[in-house]
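> Submitted below is the structure of interest, expressed as structure tokens.
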């Protein structure tokens, strides 16, 4: 895989994941208690022996830069690197990134310097585990100019995706963006061509793009330089290229989830706690997900009742009940609390005991969850200070609300408490 360079698209302003992207780039959003979204594609690359990795981003890239610099240091005897490339304005191009393809186009001068044969283009907000070596080998074996990784899906979910049709050789011959009705029926294909059994093919007669592509070097450069007005890979570049180039489909038949919205992000995190077998597991020593080593102490539990939950390292939990939840590193939960079906991202630091005591005496709220607080169906971002006897339960079943001055939003019925927010004692949300 020395002849492959990976480009991870960090996305735009992250409006679908707002307010989690208020102070950070989308790839830097914490996931599963201790990781960040960027760790998923980077780990997949490392496990696939791809060590040349660029991450393209446009907004709030400081925490992403810091995380990557501390985590992925390939100094030594190979050419490996993980580098963040932020959008920049130049005399030749005064614009920011206009789309996924435009982001790559603006850095072609840098990509060109490397002696590689293929470019692997990935998204920064998906949860999955994939060996890209098999994907790239299929690309080479079929002599493809472009290969798309696709998933088989059933009729119920099909209209939510960009679908495609293939011929008997696996070549993509048609695209349709989120079709409905008769247009949807026309996009049915025989997915057994890609390796499914007849029974599986009948249940899942559609294929959808995962937003993962591999390009021949000369094809990528030609398409981006000749079609300057086309700014998006999935909607413009690849559908147009399928007319003149050999665009192949590669079937990925394992867990894959786009977690680019608050609702999908919330459910994907809580699904990690499912028993006996979650849909995605971080407990795979043959293909681990890497992240920054923090050297934190073990978690301390004092008279707690915990069921179906994930607790990050360095947490302190006192006489509380945690059910079907994910708690991030350095989470602090005081006595009498009930946390149900919630994602707590933890904290970036510990408050000293003296500082916490002074905060309580002065009626300030320390970092963490105060005594007798109930949190249900919520996401609590990092370093939140939640007082005692608070109820975050969305009691009125509100679906959408913006209360930034009060420290929270509601997205798809999920209460999202902002990073560094302060929720006073006795508050009911």
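The first residue you see is number 1, and the count goes up from there.
Yeah, the Cβs are placed from backbone N, Cα and C, and that goes for glycine too.
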> According to Swiss-Prot, 177, 178, 209 bind alpha-D-glucose 1-phosphate; which one of 162, 170, 195 is annotated to that same site?
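So, going by the record in Swiss-Prot, that would be 162.
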> Using DSSP with the three-state reduction, classify residue 177 (alpha-D-glucose 1-phosphate binding site) as helix, strand or coil.
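For residue 177 (alpha-D-glucose 1-phosphate binding site) - judged by DSSP and reduced to three states - the answer is strand.
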> In the same chain, which residues outside the set 162, 177, 178, 209 have their CB within 8 A of the centroid of the CB atoms that define the alpha-D-glucose 1-phosphate site?
161, 163, 175, 176, 208, 234, 235
> Among 162, 177, 178, 209, listed as contacts of alpha-D-glucose 1-phosphate, what is the widest Cα spread in Å, to the nearest whole number?
11
> Counting only residues 6+ apart in the same chain, whose Cβ is under 8 Å from the Cβ of residue 162 (alpha-D-glucose 1-phosphate binding site)?
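Residues satisfying the criterion: 175, 176, 177, 178, 208, 209, 234, 235.
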